[in-house]
Amino acid sequence: MRTPLIDLRGIRKSYGGGDSPLVNVLRGIDLSIHTGEFVAIVGASGSGKSTLMNILGCLDRPTSGEYLFAGENVAALGSDELAWLRREAFGFVFQGYHLIPSGSAQENVEMPAIYAGTPAAERHARAAALLDRLGLASRTGNRPHQLSGGQQQRVSIARALMNGGHIILADEPTGALDSHSGAEVMTLLDELASQGHVVILITHDREVAARAKRVIEISDGLVISDTAQDASDVQRSVNPAALQAVDLRKRLSEGSGSQSAWQGELFDAIRAAWRVMWINRFRTALTLLGIVIGVASVVVMLAVGEGSKRQVMAQMSSFGSNIIYLNGKAPNPRAPKGVITLEEVAALGELPEVKMIMPVNGGQAGVRYGNLDHSSYVGGNDTHFPAIFNWPVVEGSYFSEADEQNAAAVAVIGYKVRQKLFGEQSDPVGQYILIENVPFQVVGVLQEKGATSGDLDSDNRIAIPYSSASIRLFGTQDPEYITIATRDANNVKQAEQSIRNLLQQLHHGKQDYELTNNAAMIQAEARTQNTLSLMLGSIAAISLLVGGIGVMNIMLMTVRERTREIGIRMATGARQSDILRQFLTEAVMLSVVGGLAGIVLALGMGAALLLSKVAVAFTLPAVAGAFACALITGVIFGFMPARKAARLDPVAALTSE
């Protein structure tokens, strides 16, 4: 005696319990089905036949009892193994067709093969052949709404056969069709049965059930009759095609854990995601807006911060990283400020680490030319000024040693002073300006440097001989501060220590001076700018977070709208991981498109800022980081909706509206 392909023993199914009343739908079903049988399960509405079909097709689990498939206890199978059975052993034909609305006939038929990992070329050819066999060769590209009811049901049958369809479970396949289309579908089922497929027909129509070779009647959750038209039909020799079904147990143990389908599934998921986004264009655009604004904000904020940092660093570095500044300071709050004398300046200049040294005697002063007044920093320097600061004269010349010795009333003005007092047209060289009402002749104009940081503008200064500043303007020979250029920019710390040691001797250990160097100032400014950039980026990231919440919201709505599609995919063999991947891919796709659009918008905004003379510097890490954040946002905020979709009950999903 042959082992039954399907063997049900005492199957019971109950719903409710606890706070709700217990409903017993199946009350002890005993049933065996062999390979090659055409069986009709008939019963009135509410008899439990659809529940029985769901259990037979591994869409649902019984409350109690034993279900053996090819000798394997189905209760011991995990969700992935059940999905494998639905994909490889069963093919479902539903009364409502259950086709995915956004997919073509060909794509609907190919779906089980995608989850089976069938190569694209092979599944395309097989789907086309099945549709051709069922008379739909000219309808392969049509969407379900472009097909008649009979054509949609034939697409459903083709889908059931895509992976072999050893067992066809047809739930009221003619219920929604006219008599002609219904007859065509029943003829197809007859042909499949004659070719060796197990056909299990669920119906309430006894005329339809009469087409089967074996009729099982169910009422109130119990089998009340089981008759075969001809005993020889049940025990007939099995078509060779049906022999494949008895090997399913071995194939189940070998193939249920296979992960070979992920590439095809991923491509299908991307294509499906793009189609859904396009169908709901307006809603997608509103969702994307949050991601676009978030990414663009992060990229632009970081670009502005980086541009400002580079501009400030370039301007500070232009003064030289080998510069040390020496100032007098008060050793304590009650003591007077220390003084660095010119004799000490000369002593410091003798140190081997010192290349050049220059005292500066200066301060803020009022400047007038004609009827124009301006406030500028006026510094008394010596002739080392251009060399120490790498600051050439672009008009005229710098004052000479003779001017320094003679305390000549000559001045070299900065670029901003030139702009304020003389504009672009006038030549300032040779003209006289009043500094604190003392006339000075302009002999040169310094090259433009720009602002170093904050409101400090290096170009808003005037250089005059040190002797002139001391005698004509400030009335003191003592310098305001000392500028020291070291010989080696890499050994500034060593030079600073040598200067400190000498000053300790000269000042008898008194700490009434202060040393700072340009390199340290540059590093400190860099840290400040980095902190500012981080703060700007963090503020902008809030909008990206809001965009992520929008993605989660739209994905939750999508899962709700496409619950039936999820059920269809599960019925055709999708595992929970496949559904998770499907909806996670859609969330990531939203983030990818939003991220790319955000980067494009950011580049456009950056170009506009550059035209407005705002320093902007886009960096690959910043752009890539913002895009990566968008992706991570998609994964994080898309995971919960995708997980919810993957955990849906197949039966509940299929019956949802």
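The backbone N, Cα and C atoms fix where each Cβ goes, glycine too.
On a predicted model such as this, the values are computed, not experimentally measured, just so you know.
Spatially close to G43 (ATP binding site) yet at least six residues away along the chain are K49, H204, E217, I218, S219, judged by Cβ distances under 8 angstroms. According to its DSSP assignment, G43 (ATP binding site) is coil. Taken from Swiss-Prot, the feature ATP binding site covers G43, A44, S45, G46, S47, G48, K49, S50, and the record attributes it to sequence analysis.
As a whole-number mean, the pLDDT of the domain 'ABC transporter' (6-245) in this prediction is 85. What Swiss-Prot lists as domain 'ABC transporter' is 6-245, and the listing cites sequence analysis.
Here Swiss-Prot flags 285-305 (among others) as transmembrane segment.
Among the features that Swiss-Prot reports, transmembrane segment is placed at 539-559 (among others), with the record citing sequence analysis.
Counting residues 6+ beyond its ends, the transmembrane segment (590-610) has Cβ neighbours under 8 Å at 273, 277, 284, 287-288, 290-296, 299-300, 303-304, 547, 551, 554-555, 616, 618, 623, 626-627, 630-631, 633-635, 638 in the same chain. Sequence annotations record features per position, and here Swiss-Prot assigns transmembrane segment to 590-610 (among others).
Within its own chain, the transmembrane segment (620-640) is flanked in space by residues 291, 294-295, 298-299, 302-303, 306, 537, 541, 544-545, 547-549, 551-552, 555-556, 583-584, 586-592, 594-596, 598-599, 602, which lie at least six positions past its ends and keep a Cβ under 8 Å from the stretch. Sequence annotations record features per position, and here Swiss-Prot assigns transmembrane segment to 620-640 (among others).
Sequence-remote contacts of a segment are chain residues at least 6 beyond its ends whose Cβ falls under 8 Å from one of its Cβ atoms, and for the transmembrane segment (539-559) they are 276, 283-284, 286-287, 289-295, 297-298, 300-302, 566, 583, 586-587, 590-591, 594, 626, 629-630, 633-634, 636-638, 640-642, 644-645. The most crowded of the binding-site residues listed here (G46, S47, K49, S50) is K49, judged by how many other CB atoms sit within 10 Å of its own CB. Counting only residues at least six positions away in the same chain, the Cβ atoms of H204, S219 sit under 8 Å from the Cβ of A44 (ATP binding site).
Fewest other C-beta atoms within 10 Å: among the binding-site residues S45, G48, that description fits S45.
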